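A short worksheet on the structure shown next.
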Amino acid sequence: MENETVSELNQTQLQPRAVVALEYQVVTILLVLIICGLGIVGNIMVVLVVMRTKHMRTPTNCYLVSLAVADLMVLVAAGLPNITDSIYGSWVYGYVGCLCITYLQYLGINASSCSITAFTIERYIAICHPIKAQFLCTFSRAKKIIIFVWAFTSLYCMLWFFLLDLNISTYKDAIVISCGYKISRNYYSPIYLMDFGVFYVVPMILATVLYGFIARILFLNPIPSDPKENSKTWKNDSTHQNTNLNVNTSNRCFNSTVSSRKQVTKMLAVVVILFALLWMPYRTLVVVNSFLSSPFQENWFLLFCRICIYLNSAINPVIYNLMSQKFRAAFRKLCNCKQKPTEKPANYSVALNYSVIKESDHFSTELDDITVTDTYLSATKVSFDDTCLASEVSFSQS
């Protein structure tokens, strides 16, 4: 059957080659260059800021790095060959390129879906089951899960090595080489449908259910008590601080923790929603074409589907920058755009030694550093009666 199919695909065609409109080529090249270029830079920055910034190395960010690598793979393996196809009108990467590039395309697509599923489950456990999260949602476990995700998708996508071949079509005015299938559509359509179910329908249903539970906990009910909330209380080892200040600070800290978790959940939910929406045109087209005798292949609609896929892979760094204060600060620092403080440094300093425990959550990505330093310093006034070095230092609270 395979030999018959190859001979049918490679048969000489004496009709003139269909010419793609110039405006279609220009629009394709410009859009793909802009979206893929920005997406590649943005996803590289995500990987760098998490790898180089210690406080950014959290389980959730570990999954976001996996997602960024998968998106990079999609942008490079799917976006850039689209440009050469538009310029030359033929496949220019040879047989090995056909196998490897297609493999990397599907590897990136499926790994991104699995990464989204992984951080959705991690968020659900961290927020809805905080006691279990103490040993389930750890950085080391996140790395193991990511290794499993990439190993599974790498093995699964090897299926495409056995389905692809170069197809040569001879026209009156040219010979066109394309990277396509060496089996008929009746055989590879079920594979598309399986991909649609495993890497789109199931993750989206799971995300809808889990984010429903998360929303109920965060926005409708009080957040479950974290066992660390009871063990990590503010230590009052100095008589310089009164009890009311400690209580108020602890309340502010708890409220900040809840607010941070809500913001992180919103950010990740936006990532999932955009994934569902931007992949919907292509996935729908694949399902519809599986039941049509002649597949629908209108050029402009196919371009729209591709652009949606590239946008999905390029937009996540923008979401992180808009919705995460930590990512925004890390991006600024990476670009050396951090503004210098406008205040002049003090001529001399006074050490204020307070024993403060920082409230943190090792299994979640917090957007704001939770600290009470500013609260304590605002309650402690430091005045300098003279500008000379022998000036007297007085505190309003003794």
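Glycine residues also receive a Cβ, built from the backbone N, Cα and C atoms like all the rest.
Relative to the membrane, THR60 and GLY97 occupy opposite sides according to Swiss-Prot. Among the candidates CYS179, CYS253, CYS305, the disulfide partner that Swiss-Prot records for CYS98 is CYS179.
Feature annotation from Swiss-Prot across ASN10, ASN82, ASN347 places N-linked glycosylation site at ASN10.
Spatially, the transmembrane segment (62-83) is adjacent to the transmembrane segment (297-319); three or more Cβ-Cβ distances between them are under 8 Å for residues at least 6 apart in sequence.
It is 267-288 that, among the stretches 29-51, 145-168, 267-288, forms the most Cβ pairs under 8 Å with the transmembrane segment (194-215). Residues 60, 63-64, 66-67, 69-74, 76-78, 81, 93, 142, 145-146, 149-150, 152-154, 156-158, 160-161, 164, 179, 195, 199-200, 203, 206-207, 210-211, 268, 271-272, 275, 313 of the same chain lie 6+ residues outside the transmembrane segment (100-121) yet bring a C-beta within less than 8 angstroms of a C-beta in it. Its Cβ placed at the centre, CYS98 (disulfide bond) has 21 other Cβ atoms within 10 Å. In this view, CYS179 (disulfide bond) is surrounded by 19 other Cβ atoms within 10 Å of its Cβ, with every protein chain counted.
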